Amino acid sequence: MADMEDLFGSEAESEAERKDSDSGSDSDSDQDNGASGSNASGSESDQDERGDSGQPSNKELFGDDSEEEGAPHHSGSDNHSEQSDNRSEASEERSDHEDNEPSDVDQHSGSEAHNDDDDDDDDEDDDDEGHRSDEGSHHSEAEGSEKAQSDDEKWDGEDKSDQSDDDEKLQNSDDEEREQGSDDEKLQNSADEEEKMQNTDDEDRAQLSDDDRQQLSEEEKGNSDDERPAASDNDEEKQNSDDEDRPQVSDEEKMQNSDDERPQVSDEDRRHSDDEEEQDQKSESARGSDSEDEVLRMKRKNAIPSDSEVDSDTEVPKDNNGTMDLFGGADDISSGSDGEDKPPTPGQPVDENGLPQDQQEEEPIPETRIEVEIPKVNTDLGNDLYFVKLPNFLSVEPRPFDPQYYEDEFEDEEMLDEEGRTRLKLKVENTIRWRMRRDEEGNEIKESNARIVKWSDGSMSLHLGNEVFDVYKAPLQGDHNHLFIRQGTGLQGQAVFKTKLTFRPHSTDSATHRKMTLSLADRCSKTQKIRILPMAGRDPECQRTEMIKKEEERLRASIRRESQQRRMREKQHQRGLSASYLEPDRYDEEEEGEESVSLAAIKNRYKGGIREERARIYSSDSDEGSEEDKAQRLLKAKKLNSDEEGESSGKRKAEDDDKANKKHKKYVISDEEEEEDD
């Protein structure tokens with residue numbers, strides 16, 4: 001055995017290295033303390049303290065090296081086979097990388113744990129407890145307590161075998177400790193960069209395929225083929241025990257991820273995972289030159305396939321069970337026969353065969369039969385039955401003819417048939433009637449006023465009184481016309497009509513045809529919409545307008561006469577006798593026409609009937625108009641001019657006239673006063 005200081009170093013060196021590791025970032029110190037705590041748990045002092053504290057170790061929480069090396073293979077296969085579990089497997093790989101860090105540093109911290117004093121072990125245990133409190137937040141307390149007991153039992157036996165192999169591992173751990181110190185310093189500088197690259201790193205880790213991992217393992221095997229020594233029995237036993245625990249830890253992580261459904265990674269965990277990734281990459285590059293490290297690692301990888309293949313076979317069904325829970329399997333596809341195999345729902349009645357009553361075949365509903373006694377009616381309908389739709393000019397009297405109750409048709413009334421059509425008023429001629437009479441032997445027989453004659457050519461004709469109608473036979477389409485007999489509120493079928501008969505008048509000379517044409521003519525003739533009436537009298541409005549026109553003409557004529565007479569008087573006073581005065585008829589006839597009054601006529605009238613003129617002057621007739629007053633003034637004026645008796649007689653007459661006028665005016669005024677007094 002070599003010198004202990006050469007193998008393990010002095011205590012000063014170990015304390016200096018511990019200070020360097022403590023001065024690192026919180027994430028690095030947590031990782032180193034977790035790694036040293038996981039290896040120190042193999043010692044007896046650690047076992048005693050763990051028994052006193054009752055807290056789970058880092059191995060119980062994170063597993064061993066073999067778990068971390070084997071888990072990527074399983075997670076890679078799961079990623080390749082089932083893409084639906086990418087999120088849960090990405091979280092598994094993240095936890096695997098976190099576990100790789102303490103596995104790479106296990107051997108280094110183990111040598112320091114044996115050489116340090118009990119005080120140092122106490123400090124490391126305190127750090128381990130802090131690290132466990134940080135990292136154990138992802139696991140439930142129930143899982144930690146249950147798994148702690150099972151892992152303690154396993155690792156108690158394994159740690160005893162590991163103690164004998166510590167001497168051999170210490171030599172290999174010296175070189176790794178030196179590289180670890182440099183790695184820690186580099187990790188502090190790259191911690192910030194790794195936080196930024198976290199999202200891309202997680203995706204890259206989740207998408208690693210099995211081929212990439214196999215290539216990496218083959219390259220490492222090629223590098224370590226020349227320097228590979230034979231592995232010790234203790235290492236193989238430790239690897240086997242690691243392989244046994246690996247599926248358990250991976251199952252625990254899967255259960256945790258499935259329970260969480262959406263894994264939530266804290267900032268501290270992300271920093272741990274990024275730092276551990278960096279350490280893995282740099283430790284692998286350092287191990288390329290370090291042959292002894294690679295030898296131990298490759299021996300473990302060579303020993304894994306035999307056991308890990310068995311474990312992978314057992315783990316694949318578990319993953320498949322997870323996907324089966326999410327998406328279902330081929331057995332869940334329902335077929336047409338599944339409904340028969342389904343168990344009956346609780347509370348549903350079940351028959352003797354075990355089938356629900358709803359699925360039983362529906363029994364035919366029995367017919368309801370009601371027994372009713374109806375008298376049987378036998379009718380002798382003859383050999384042939386015909387369906388007849390009577391035309392407008394034919395009618396049938398169903399009751400037998402009786403002269404006592406016979407009512408003739410009235411001209412004023414309208415005959416309507418059963419369908420509401422207006423019948424032609426043919427009176428007795430076109431109505432089919434029948435009656436009962438006795439023959440010569442005294443037997444009652446039926447007699448009718450109509451008969452059907454069948455001719456030799458097969459045609460038929462109906463003779464009704466003196467009228468003859470042609471009968472046409474035609475088949476009926478479909479069995480839709482039946483003969484029924486009314487039985488109370490029901491109908492009893494008797495026969496089915498197969499043929500129908502139609503009737504038409506035989507000739508246009510028959511009375512029936514003439515009445516039909518007349519009725520049609522009356523129906524189709526257009527009534528005169530506008531009637532012109534003769535004027536019985538004259539229009540009063542027209543008469544009124546004519547009277548107004550005549551009155552206007554009379555007024556114009558009177559105005560012309562007055563104007564002419566005024567001019568004549570003025571001329572007479574100035575010149576005396578003139579031609580117009582001496583011969584007035586010549587000018588009057590030309591200018592005034594028939595209505596004008598000549599001076600000669602006035603003279604003759606004055607000479608012939610002075611009294612009449614006076615009576616008219618003194619008359620109070622209201623019918624005399626203004627023209628008569630004017631004419632009277634003219635007469636007076638001319639009388640004065642033509643009077644040869646003198647002015648005395650004229651004055652006398654004027655006074656008489658004035659007196660008469662005054663008396664008349666007084667009478668009128670007295671009447672008005674009386675009316676006002678009333």
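Quick reminder: no glycine exception, Cβ is built from N, Cα and C everywhere.
For the annotation phosphoserine, the record in Swiss-Prot points to Ser190 among the listed residues Ser38, Ser145, Ser190, Ser507.
The phosphoserine entry in Swiss-Prot, when matched to the candidates Ser258, Ser285, Ser337, corresponds to Ser258. Swiss-Prot records phosphoserine for one of Ser25, Ser29, Ser53, Ser161, namely Ser161.
Note on Ser23, Ser77, Ser81, Ser164: Swiss-Prot annotates phosphoserine at Ser164; no matching annotation appears for the rest, which is not proof of its absence. The residues of the compositional bias 'Basic and acidic residues' (559-573), classed with DSSP into helix (H, G, I), strand (E, B) and coil, number 15 helix, 0 strand, 0 coil.
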